[in-house]
Amino acid sequence: MKLLSFKKKPSLTKSQSCPDKLKNLKEQQKDPKNGANYDTATIKSYTLQQHQQQQQQQREDNNMINNENEDFSFNYFDYDEDQESTYSREERLFFSIWRNNKIKRCIFHHLEIFNLMNNINDPITLDQLNLIDSGKLRDYCKIVKIEKNEKIELQCMPIPNHIEKLIFSNEFDKPIKAGTIPQSVVEIEFGEKFNQVLKQGQLPPSLEILKFGKRFNQMVTHSTGELPTSLTTLIFGNNFDQIILKNFIPPNVSTLIFGLNFDQPLSPGYIPSSVTKLEFQENFNQPLTIGTIPKNVKHLKIFSKFPLNQGAIPQSCTTLYYGGDCNQGTKNIPDSVKSLHFLQSIDCNNLTKERSLSKSSSSISLDISGGGSGSGSGVNSTTTSEKITFLQPESICKSVTNLTIELNQGPPNKKYLPMNSVTQLSLGINEFKKPLKSSYIPNCCTSLLLNIGPDYKFQQLLSKSIPSSVTALQFGPNFNLTIMPNSLPIHLRSIDFGDGFNQQLLQNSLPTLIDSIKFGNSYNQPISNNVLSNSNYLTSIEFGKSFDQPLIIGNGIGNLNNNNINNNVTNSNLPITLNKLKFSKDSNFKSLLKIESDSMIEEIEFGDQYNEEFNNQCSLGCTHLLSIKFGENFNQPINNLPISIKKLIFGNSFNQSIKNLPENLTSLSLGTSFSQNLINLPNSLIELKMFNKDFLNNLNFSNNNNENNNENNNENNNENNNENNNENNNNTNSFNDFIKNTTIKRIKVPCLITTLNFIVEKNKSKNCSLLKFYCFVVANNNYTNLVKYNLLLNKSYFEKWSKKKEGQSPRKQRKKKIPTDQRSTKLLLVRKFLYQVFFFFFFFFF
């Protein structure tokens, strides 16, 4: 790959004063005839060399230059000279470095590379890390994944000293030798199959986070040195069930989580006082005495069939997930608990004023039953009873604002609920002998999740079933009742019907103030003209997987030629005020979609199965449309898109010509299959995203003339270079031609990490722009390289870069010899890197 470098900056004589330097450089920059290539960054670097007595004037010059070129502007920490003596030596040293724009840009550059190497979905493996040539790039990588067949031994493939996190794959199950893991590692995550005995010295003394996999079930203690003292987070897998004694857990652990099968007795002092988050799972069934739970625990999750003793839960606890004997209420739960979640069913016969549900909690999650089945949090009860029970007065405190209740056999009377505090209510109902009424729900409730079970025998949601205070309504997955007119609250703004709803909407069944509607995966009913078209406040609507009915937005007449389309729908069935139309990712929608010119829609998102051509079946005639997102399978010509569109996102199957893009387009995203020429892109385009892993090999930005020139250059290069070098030169030349003519400010190609991760940032201003080009390549999974391109560009850079001054002949371009030996190429890269690092640390420390 051909490397691009900075153009050499001209030197200035010492006889010139700083203001004269600045003035001359500005005049040379503004004069296009002198052929000078001075850019704004060069001028700015010289302004930093002015004398102290001219500091005030210098700040004004800097501000003036920064206003002309925002690409190189930074925030200065200005201070008065009289106050300079008040700063400490460290502060003066910091300001002297921070004010140097060159050093500051270098710092941000290294920060960007660090983010590029670590903000990835798939961590780099140890094999890939050892193939990276440059030591600088190795230091940037902080996360490494150990595969199944990789050996982590000092003599064959050591782990570098800069690694901070190790992730072992699920297949890894090999012993680890002492001293193999460096002291720089602070986090280790083992895979599911790891079940090896850990001995002293195998884990580094600096380790802070340790997470075991599902199958791990070995004795590990702090007293014998298996677990380091520095541990702050310790997480065991589901199979772990070893005895816990005193001093087994390191004294600095703050988060301790046990797995599903852990069921060992605990005594006071076994868990260190440093623990603030403690979790046990369903199989834990041990008595808790005073002091067993540390006094500093704030987050506690516990299961136990033994009675909860007074004082067993410390006063420091604020969040409690309790799966024990829930029928005790909150008699022995401290007042400090603000968020309470019961994980098993509660028999309301035992809930009295003395056993009320939390005296001070603001959030409660519980399952109310008469011993019936059901659970509010996924823990099922097998006992059954036909007795209908109700909440008793004052059994739930008046301070609760977030309440979750599962009612299995009968509704509660609202006088037993906190009527003046509950604003968020999740209500589950099943075997009701009476239809749902608004008297079951507090009048202060604004957000309601109504989960009606399959055993609910009523078929309709009657009028005034929900109080008028509700503004956000969500139905559960089993809801499939006919919504009668005026049954929903008049102030309702958003509604989610759930995945089970598939009933036709009736006229006046939805309130006029509603602005957001979401249908579930089962809904596939035709929408009549008089149901939603008059909803003047509706701005967003989303359809699920099964929906495949015609949609018309606007006052036009649709051309219905599809046999699957209901011929009764001829006019607009969606309101013109709609701003966003979305189909779920797995949507099967293929019917008519017609958007008239009077529509106010701005955003459309299609599902993955949509692949219809833009004709009478799909007509986008609106003038306000700004964004379209197509799914994975869309691959149709795009010749009739509205000119108002500013953002286009295509899926991985799209591979059509993009010659006729909207002239106002600012953002374009192309999938992995796209291999067309990027020609005639709109001048308004700012952001371009490409996901094709062969992007560098398919660069076809240039026009025919440039292609002919490239062919001639290739013939000359064939005499001295091999075919691989010619391909790299072609790619670089094509990329240069593209950069010369484009107005794009940002290009992203975030492909798979095993193939290509390519980011280009281009920030344009009046006369100058900065181009940053980072390329992370793992070619054929056996070679890794990170290359940085920095170009300082002005208007005449590509046209006059070979000329010294007007009237002089262009200087001869010196062709860099590309060494054929791979080792020579690596040495050149390493030497250039060492040169840059030397100057960086020189300016930083001296």
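Yeah, the Cβs are placed from backbone N, Cα and C, and that goes for glycine too.
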Quiz prompt | Of 1-39, 40-78, the range Swiss-Prot labels region 'Disordered' | solution = 1-39
Exercise. Match it up for me: which of 362-384, 799-821 does Swiss-Prot list as region 'Disordered'?
Key: 362-384
Quiz item: What is the pLDDT of the repeat 'FNIP 5' (458-500) when averaged and given as a whole number?
Solution: 87
Exercise. Six or more residues out from either end of the repeat 'FNIP 4' (284-325), which same-chain residues have a Cβ under 8 Å from its Cβ atoms?
Key: 258, 262-278, 332-344, 377, 379
Exercise. With DSSP as the yardstick, break the repeat 'FNIP 2' (194-239) down into helix, strand and coil residue counts.
Key: 0 helix, 6 strand, 40 coil
Quiz item: Where else in the chain does the repeat 'FNIP 3' (240-283) make close Cβ contacts, counting only residues six or more beyond its ends and a cut-off under 8 Å?
Solution: 212, 214, 216-223, 227-234, 289-304, 321, 323, 379
Practice problem: For the repeat 'FNIP 6' (501-546), give the DSSP counts of helix residues, strand residues and coil residues. | Solution: 4 helix, 7 strand, 35 coil
